[in-house]
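Trainee: The following feature annotations were taken from TrEMBL:
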| type | residues | note |
| --- | --- | --- |
| REGION | 32-80 | region 'Disordered' |
| COMPBIAS | 53-64 | compositional bias 'Basic residues' |
| BINDING | Thr134, Asp189, Asn217, Ala218 | S-adenosyl-L-methionine binding site |
Amino acid sequence: MPRCRSRPGGGGRWRRCGCAGAAAGLCSPVSPGPRGRSAVWPRGRRCTSASRASRRRTGGRRVRAAAAGGLGPEPSGDGSPGCRVYQVFESVAKKYDVMNDSMTLGIHRVWKDILVHKMNPSPGTLLLDVAGGTGDIAFRFINYVRAVRERQLQRKLKHHQNLSWQEIFENYQEDKSDSLGDSQVVVCDINREMLKVGKQKAQHLGYSKGLSWVLGNAEELPFDDDMFDVYTIAFGIRNVTRIDLALEEAYRVLKPGGRFLCLEFSHVSNPLLSRLYDLYSFQVIPVLGEVIAGDWKSYQYLVESIRRFPPQEELKAMIEDAGFFKVDYENLNFGIVAIHSGFKL
């Protein structure tokens, strides 16, 4: 199978290579890059723990191999933690958004809005959203950049008061056609079902330009070094098998000066609120999972994964150990969730 890593002439982005992953629609953008630019293309490197071990055996040299069916691993069904996580999200994919609304009373939407406003992307930003299969962060990113772009166009028009109406109209239409200002977002997820749900949502909501969907593993991302301006992972990092490897990969694919942002359930500091939160989590959320999605066990797992996740200070130290600078975090709703931020300098 040909590797998904042919370059456009003179450019730094990947272009379509005709691999099986591209044919499946899981390693190709929904549409070409804006203004004729090549969109972001992942490399066809095998996303398995075996390949990471192979790199270690060969002195750190990267081993690149074509992945069957595109990019990224699919668990082998061997009962490993990674396989269990995959099966959980495969099970809940179709009801994922409904359950998020039920479990958080809709507050997860506010948390995701805060994450994107904290990011404050400008036109031209290249975002990698990992474990973002349903597209919530990607769609918010596109909306935010479009709003910034629209304000830029309005300010530009105010400085052209001496132009004729026809000239103003023509200039506005030309700039309006590039509503994202060359911004792109790549959604990367290990789970095909989650990506399928996200692509269906994108089509239903009318998102296509500047949006790509890639099957890939957070612990071994199918992208070259120094590619992205921003890396986000929302409610996903607690489900990776090795958080340290996922953080190392985040650091690797970010450009120097790039920003890491993680939105995740965390630990409540108030003892009384913590007890109430535990009661709700273990007694209510699995019941909601059974009633709404017919799946008690998957939602029981999600609750347990939240409790096992490192507290805020410990995660901060892990992010620093991965090489990031200026690492801090912001608690939301008394620490029910936290946003961690760091920079690759």
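A Cβ is built for glycine as well, from the same backbone N, Cα and C atoms used for every other residue.
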Trainee: Just how many other Cβ atoms lie inside 10 Å of the Cβ on Ala218 (S-adenosyl-L-methionine binding site)?
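Mentor: Taking every protein chain into account, the count is 26.
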Trainee: Highest Cβ count within 10 Å among the binding-site residues Thr134, Asp189, Asn217: which residue is it?
Mentor: Asp189
Trainee: In whole Å, could you give the widest CA to CA gap in the S-adenosyl-L-methionine site formed by Thr134, Asp189, Asn217, Ala218?
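Mentor: Among the residues the record ties to S-adenosyl-L-methionine, max Cα distance equals 16 Å.
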